[in-house]
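A short write-up of the structure that comes next.
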Amino acid sequence: MTDKSIKELAVSVGLPVEKLLDQVREAGLPQTKAEDKISVEQQDRLVSHLKKVHGQDNGSAGKITLKRKTTSTAKVASTSGKAKTINVEVRKKHTFTKPDPEQIKAEALAKAAAENKAKAEVKVEVKAAPAEQKSQPVNNAKATLDAMRAAQNKETAKQEVSKAAVVVKRKSTNKPIVKQTVKATETAEQKKAREAQAAQLKAVEEAARRKAAEEAQQRTLEQMRQMASKYSNEDATATIRVVDDSPLAAGLVGQAYEDSFAKEDREIKRGTNTATARAPKKGGRRGQEEQSFSKQPKRGLKTSQGNKHGFEKPVKKQVYDVEIGSTIVVADLAQKMAIKVREVIKSLMKMGELVTQNQAIDQEIAALIVEEMGHNPVLVSDTQAEDNLLVAAEEARGAQTTRAPVVTIMGHVDHGKTSLLDRIRRTKVASGEAGGITQHIGAYHVTTDKGIITFLDTPGHAAFTSMRSRGAKATDIVVLVVAADDGVMPQTAEAIDHARAAGTPIIVAINKMDKESADPDRVLNELTTKEIVPEQWGGDVPVAMVSAHSGQGIDELLDLILIQAELLELKASEEGAAQGVVIEARVDNSRGAVTSILVQNGTLNVGDLVLAGASYGRVRAMTDENGQRIKSAGPSIPVEILGLPEAPMAGDEVLVVNDEKKAREVADARLSREREQRLERQSAMRLENLMASMGKKDVPVINVVLKTDVRGTLEALTVALNGLSTDEVGVRVIGSGVGAITESDVTLAESSEAVLLGFNVRADTTARQKSDADGIDIRYYSIIYELIDDVKAAMSGKLAPEHRETILGVAQVREVFHSSKFGAAAGCMVLEGVLHRNKPIRVLRDDVVVFQGELESLRRYKEVVEEVRAGMECGLAVKGYKDIKALDKIEVYDVQLIKRSL
Ligand code: GDP
């Protein structure tokens with residue numbers, strides 16, 4: 001406080017000048033005008049006058065109640081053995097009263113005086129007691145009792161009189177009265193001196209305490225300001241609001257904030273949380289009361305030892321060994337030390353690191369924090385547990401033998417990758433094996449006279465690179481398909497780059513040799529410009545001239561692959577726990593996660609406990625690429641398994657483990673690692689956005705929510721779509737997944753103004769209703785390039801009128817009958833719209849397209865009809881598709897010419 005004019009003072013206390021002047025007059029001060037100065041002493045007088053006037057009201061003005069709610073999560077093991085996360089909400093209410101400094105001073109003085117007085121009295125009385133005791137035994141007893149009361153302050157006077165009297169009587173001596181009196185006088189003098197000294201001391205202490213409190217407040221306010229600007233924590237902003245309103249409140253709240261940290265600290269040290277802290281305290285007090293009552297047999301209360309609470313304050317602080325990987329999320333770090341996240345954030349702030357609880361921090365910083373908290377940091381490799389498992393599995397394996405090579409076919413679109421894969425499969429897979437429905441499991445193997453070759457049949461570079469980006473090296477050899485009539489094209493060059501980057505040897509297959517326009521020499525020439533020099537020209541790249549159509553050169557190609565494999569000396573063991581890689585995974589409504597795995601080492605058996613990525617489970621069933629049930633699979637054999645609780649990602653490592661606990665440990669570690677990486681990516685993304693919008697305002701971004709039938713396509717499409725972004729228009733896949741489009745996808749698309757794209761999947765009923773109601777456009781595709789072209793066109797704003805399909809009607813198969821004429825006839829119920837006999841149809845299973853074609857027949861009862869409306873039953877047969885099943889859906893659509901908008 002400094003000298004101020006009345007006007008200034010009025011502004012600083014927020015009162016109208018007239019009102020303040022009235023109060024000044026009432027306080028008997030001389031000022032009458034707004035410009036008059038008011039000194040510090042006068043301000044003090046004014047304050048004490050106001051206090052007198054307002055009496056009790058003043059007390060409550062310095063009172064602030066803070067309510068705080070903190071939510072945290074706790075992990076507990078459920079009965080099923082799985083970890084469950086429970087939200088814990090702790091509500092606290094603190095009332096802080098600002099003590100009047102005068103009052104504090106007075107109280108401190110009174111307290112000091114009382115203490116001294118009590119000491120003096122005890123001395124006087126105890127020492128004097130023997131002298132007076134003979135004549136006034138009861139009085140002496142009372143005096144001693146007072147002393148005892150000062151010390152114990154528990155027992156009732158009446159009861160103690162007799163007890164104390166006995167004590168005093170026993171201790172009585174016959175020392176001279178004079179000496180006692182002198183001693184008493186001396187003590188009285190000392191008492192005065194001590195009082196003065198104590199008062200002085202108190203005053204100094206008080207000043208120091210205030211200074212410290214002020215500094216602490218400043219610090220806290222600064223921290224809170226930083227916190228508020230860093231992230232919007234409700235507590236912090238609420239506090240800041242008060243801070244802005246009034247300096248007094250700021251001080252109090254700042255102190256309160258510090259105090260609450262300190263309080264939490266104490267509670268944590270006691271090994272209890274705030275919610276439970278009260279109970280033991282209460283119990284403790286009750287225990288004490290009962291104990292003191294128990295000294296009063298008259299009241300007839302029994303000793304309550306049996307009721308004593310079980311809480312015991314830990315004598316020593318718990319010191320934990322805190323394991324820290326290369327990064328750790330702040331909240332997890334706090335959990336490992338069993339302290340509040342806020343504590344950790346506070347310490348990080350002191351070190352100049354402003355982070356939120358969901359951010360990951362580096363190993364070194366985390367280690368410093370752990371040390372500061374008094375625990376032991378244990379630095380571990382992120383992959384420690386996995387490495388251990390791998391080593392154990394490796395050790396358990398038997399002798400190594402030669403294994404089949406795994407081949408990926410790459411090349412430019414339309415150069416014949418799919419045709420070549422089909423050709424090899426058709427000619428080489430024994431007809432008996434291929435008898436059933438050929439399944440798409442992402443890979444197949446062929447047996448030749450010279451050996452087995454496994455082909456990964458997810459063509460496309462994106463699948464290859466996304467697998468590689470997950471650290472998986474599934475491919476041993478790349479077969480680069482180049483059309484003899486087309487030559488090296490952009491994706492041919494891209495494929496060469498990918499193969500080189502992965503260090504995978506290349507074999508060139510010049511395809512379409514049956515064509516008249518084929519010009520293999522030109523192709524070879526073009527290849528040399530890409531540093532692919534054919535063997536026949538003195539280089540090291542084997543080349544085969546083939547035709548997927550005529551089958552020419554296929555055997556030579558397979559021979560070349562096997563020779564290359566021999567050079568590579570591919571080895572694996574057939575014994576021991578299997579290890580492999582996820583090729584593809586999808587979720588099937590009736591069977592759960594269906595995962596295609598390429599076994600790379602060891603043997604995979606039905607019943608094995610498999611850890612794939614972050615999920616683990618027992619292999620319930622296993623099929624080969626022909627849909628045949630098998631019991632085991634060795635190295636280089638692709639299989640499809642059931643039994644994992646959720647679909648892992650393509651490229652995830654697969655390992656058979658014999659210890660469920662270890663599997664869980666590694667799965668958990670991988671999950672948290674994924675989470676950390678995701679959070680890192682998210683914050684990076686936020687930053688990028690920030691930069692982008694700073695540098696260039698209003699860069700339009702097309703948000704996409706993408707659902708596909710299999711994971712391979714999802715990854716390929718995501719990479720392709722994200723890669724479309726340019727400086728002027730961005731594309732961002734904000735949500736993606738495998739399986740039908742659900743209500744939550746629609747909600748996501750709606751909230752982020754995204755387009756919803758389905759690749760070979762459909763929206764389920766609720767999603768469709770929601771999208772209709774909200775006007776969200778869902779677009780369905782079954783050709784990758786159409787989808788990408790659409791998004792590209794949308795980006796360039798050149799959406800030309802185009803053919804687009806509308807779904808006219810949907811029917812559900814209720815029962816399937818065998819018909820001599822059609823093979824399989826389906827009894828259906830039309831769910832929506834109208835079923836037309838002459839329009840194109842699709843068969844959907846779990847909202848995923850399984851067949852496209854047309855109807856062979858549509859009937860109501862015996863009659864052939866042109867259309868059937870919703871709510872009616874009908875019988876139908878699909879042309880060329882006999883595998884129809886109950887609950888499949890038949891979708892009739894129409895292709896229209898419309899103006900596009902995305
Ligand atoms: P992908 O996009 O690389 O998978 O190419 P596809 O396998 O789908 O083939 C593209 C087109 O080339 C199709 O129309 C095939 O019929 C045709 N094709 C593929 N291989 C041959 C071949 O050896 N000879 C001829 N004449 N045409 C071929």
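Using the three backbone atoms N, Cα and C, a Cβ is placed for every residue, glycine included.
Source: prediction; values computed, not measured.
The coiled coil annotation in TrEMBL covers 204-234.
Residues annotated as region 'Disordered' in TrEMBL: 264-312.
What TrEMBL records for 402-571 is domain 'Tr-type G'.
Among the features that TrEMBL reports, region 'G-domain' is placed at 405-553. Confidence for the region 'G-domain' (405-553), expressed as mean pLDDT, is 82.
Taken from TrEMBL, the feature GTP binding site covers 411-418, 457-461, 511-514. DSSP gives Lys417 (GTP binding site) a helix state. Within 10 Å of the C-beta of Lys417 (GTP binding site) we count 24 further C-beta atoms, all protein chains included.
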Request  = Kindly assign Met513 (GTP binding site) to one of the three DSSP-derived states: helix, strand or coil.
outcome  = coil
Note = Simplified DSSP label at Gly411 (GTP binding site) comes out strand
Message = DSSP-wise, what's the residue breakdown of the region 'G-domain' (405-553) into helix, strand and coil?
response = 50 helix, 36 strand, 63 coil
Ask   = Here are some binding-site residues: Gly411, Asp414, Met513. Which one has the most Cβ atoms within 10 Å of its Cβ?
value = Gly411
Request  = Filter the candidate list Asp414, Lys417, Met513 of binding-site residues, keeping only entries whose CB is under 6 Å from an atom of ligand 1.
outcome  = Asp414, Lys417
